[in-house]
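Asker: Handing you this structure, nothing more for now.
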Amino acid sequence: MVLKECVRGLKELRPLTHLLLPLCFHWIAEAMTVSVLVDVVTSALCPGQTTCTEAIYISGLQQTVVGIFKMVVLPLLGQLADEYGRKPLLLITVSTSIFPFAVLAWNQSRESVYVYYVLRTISFIISQGSIFCIAVAYAADIIEEGNRAAAFSWITGFFSASHVLGNLLARFLPEKYIFVVSIVLLIFGPVYMHFLLAETVERVPKRDRDSTFLTKITNVAHKRYESMRDAAAIVFKSPTLRGISFVLFFYELGMSGISSVLLFYLKAVFGFNKNQYSEILSMVGIGAIFSQILVLPLLNPLVGEGWILSLALLASIAYGLLYGLAWASWVPYLSASFGAIYILVKPATYAIISKGSSSMNQGKTQGFVAGVKSIASLLSPLAMSPLTSWFLSSAAPFDCKGFSIIVASVSMMIALCFACLLKPDEKLSHDPEDEIEAPLLRES
């Protein structure tokens, strides 16, 4: 049974080969740098110290700035992917990570770290979240609706596998080679896509070539406004899409808050370094591969995406509470094991959103809901950065160094409450145009 589902999943993914291969190299390259960045940033900004308040605040500021701009950029990129094609938008988004890592490959001084943060902030604004949104829309163009949950799970499974490989490379490669190898892999992705990735959306011919420049600018602004308004109407008129937006807002509020401070927290409390980070991230990734590639495709036909989403949210709550209450250095490893289950939040929500929107609006709805998530990622560091720094300092009102992570877990409890109210089978009526205009690569 398991083998049969695996073979079926691989057959479904065959048309996505030229999408997934370069994305896997991109994800491997980014994962390689995660475990070493904390040491590099801490050494540059707070030499000789294990706790670096400046690094925590800069990371929080970065996340806040990214969240502000992503509220507009994510829905915009989703709209553009529907109108101008998935391929050009993917090429733009996957290329942005090259430049910040090139800076650290060249120099790791205090000034270079500041330049890295500026470039990485711009990169995150364009690529963070949008790569997944556009990739999911690309997959929805090709995969039949009944098989999308399994296909999305395989995509996120490949994402987890890429992170495992990236963490293993980071674990065994000398630190001086990590950024160089990462840059090579990051360049490979867009080059491969440019030559081999097929487009799935037929572009509408331009009709305003004789218009003046000012008229074109006005038309573009009006078109973007109308498209944004349409996306908002689609989401808020659908009980399913409206409900999943609330779920993802509170989930992201908690999880992004934890992610922004977790490695600094582990370094300050337990003295973790690159090797321990790589071990924890690899353990999460290995469990996530199993759950996304095997467990979700088997469970989804039996219980549905809504039940899987609730289970994953429960695991995310346990994940946060264990980290926040960690009383020994082995507890973070136990907490990380829940990553194998909470990772299912992604494919389950992608499937629910995809089923709740028409084929012509996949990028638009995925992008709009991702924009709602970005509001949460904007708000969470405003509380998490100062709260974490306060409870890691000697001025803390009581001895609970992970108190901020416990607070973030409460937000995920609220997400679970909204998830229990969801009815994923409710669907938004499809546009009549869907019957006329189908994606280019959809199999007959």
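Heads up, the Cβ atoms here are built off N, Cα and C, so glycines get one too.
Sharing the features that TrEMBL gives for it:
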- 1-31: signal peptide (SIGNAL)
- 19-427: domain 'Major facilitator superfamily (MFS) profile' (DOMAIN)
- 89-108: transmembrane segment (TRANSMEM)
- 114-139: transmembrane segment (TRANSMEM)
- 151-170: transmembrane segment (TRANSMEM)
- 176-197: transmembrane segment (TRANSMEM)
- 246-268: transmembrane segment (TRANSMEM)
- 280-299: transmembrane segment (TRANSMEM)
- 306-327: transmembrane segment (TRANSMEM)
- 333-353: transmembrane segment (TRANSMEM)
- 365-383: transmembrane segment (TRANSMEM)
- 403-422: transmembrane segment (TRANSMEM)
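Show me how these features fit into the shown structure, please.
Answerer: Using a Cβ-Cβ cut-off under 8 Å and counting only residues 6 or more beyond its ends in the same chain, the transmembrane segment (89-108) has close neighbours at 19, 22-23, 26, 29-30, 33, 40, 43-44, 77, 80-81, 115-116, 119-120, 122-123, 126-127, 130-131, 134-135, 138, 179-180, 182-183, 186-187, 189-190, 193-194, 197.
Away from its own ends, the transmembrane segment (114-139) comes close to residues 16, 19, 23, 26, 58, 62, 65-66, 69-70, 73-74, 77-78, 81-82, 86, 89-90, 92-94, 96-97, 99-101, 103-104, 148, 151-152, 155, 159, 200, 346, 350, 354, 362-363, 366-367, 370, 373-374 of its chain (Cβ-Cβ under 8 Å, at least six residues beyond either end).
If one looks beyond the transmembrane segment (151-170) by at least 6 residues along the same chain, the residues whose Cβ comes under 8 Å of a Cβ in the stretch are 9-10, 12-13, 16, 20, 23-36, 132, 135-136, 139, 143, 178, 181, 274, 277-278, 281-282, 284-286, 288-289, 292-293, 296-297, 300, 343-344, 346-347, 350-351, 354.
Here the transmembrane segment (280-299) has long-range neighbours at 1-2, 5-6, 8-9, 31, 34-35, 149-150, 153-154, 156-157, 160-161, 163-164, 167-168, 171, 272, 307-308, 332-333, 336-337, 339-341, 343-344, 347-348, meaning same-chain residues at least 6 beyond its ends whose C-beta is under 8 angstroms from one of its own.
Away from its own ends, the transmembrane segment (365-383) comes close to residues 59-61, 63-64, 66-68, 70-72, 74-79, 81, 129-130, 132-133, 136-137, 228, 231-232, 234-235, 241, 244-245, 248-254, 256-257, 260, 349-350, 353-354, 356-357, 404, 407-408, 411 of its chain (Cβ-Cβ under 8 Å, at least six residues beyond either end).
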Asker: Three or more CB pairs closer than 8 Å, sequence separation of 6 or more: does that hold for the transmembrane segment (403-422) against the transmembrane segment (176-197)?
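Answerer: Contact absent: fewer than 3 Cβ pairs fall under 8 Å.
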Asker: How about long-range neighbours of the transmembrane segment (176-197): same chain, 6 or more residues beyond its ends, C-beta under 8 Å?
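Answerer: The answer is 18-19, 21-23, 25-26, 28-30, 32-33, 36, 87, 90-91, 94-95, 97-98, 101-102, 104-105, 169-170.
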Asker: Across the domain 'Major facilitator superfamily (MFS) profile' (19-427), what is the average pLDDT of the model, as a whole number?
Answerer: 81
